[in-house]
């Protein structure tokens, strides 16, 4: 009874081991077939053929790193026609220097450049940091033609006419004072007479040098 039981157990163990071996062979064949199919879909590539980041992203990261190291910030300048351009500047620079750096052509053409940030006009004597302008902030730009060009000849002619009238007017006033002195000498004391001599001498001196 014991011998037959032992032989039966050994046969069962042998069958289980054979079934385990068959299962392992099937799993090995299945995994090898899957690896073959996967290798056909996703072939191994060398490092040089692996996809890399686009050049624009690399250049952008390089520019950001350079800007952060130099302490400069990037500013978007937006014009009235919705065109934009990006410039770099030190946040401690004054608005007047910022205009001269990035709007030199407009200023050379006698144009008026106005910068607006958060609804307020930026003054030339203050800095970008004063207005809280940080990296990637948007500044609105307004470029205007100079309005005083057409009025400049008129103002020059007016100044020229006033200069011509100044000398005759002073000479008439001094002449009236001298007539009053000779006609009513009692109204003039030493102080007033000294001032009259002083003004007359100054008038003659400047008039002779101007002419």
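In case you wondered, yes, glycine gets a Cβ from its N, Cα and C as well.
These features come from TrEMBL:
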type: COMPBIAS; residues: 1-10; note: compositional bias 'Polar residues'
type: COMPBIAS; residues: 11-32; note: compositional bias 'Basic and acidic residues'
type: COMPBIAS; residues: 62-71; note: compositional bias 'Basic and acidic residues'
type: DOMAIN; residues: 73-148; note: domain 'Ubiquitin-like'
type: REGION; residues: 1-71; note: region 'Disordered'
type: TRANSMEM; residues: 165-181; note: transmembrane segment
type: TRANSMEM; residues: 187-207; note: transmembrane segment
Outside the transmembrane segment (187-207), at least 6 residues beyond either end, the same-chain residues with a Cβ under 8 Å of its Cβ set are 167, 170-171, 174, 177-178, 180-181
What is the number of residues in the domain 'Ubiquitin-like' (73-148) that are helix, strand and coil, as DSSP sees it? 16 helix, 30 strand, 30 coil
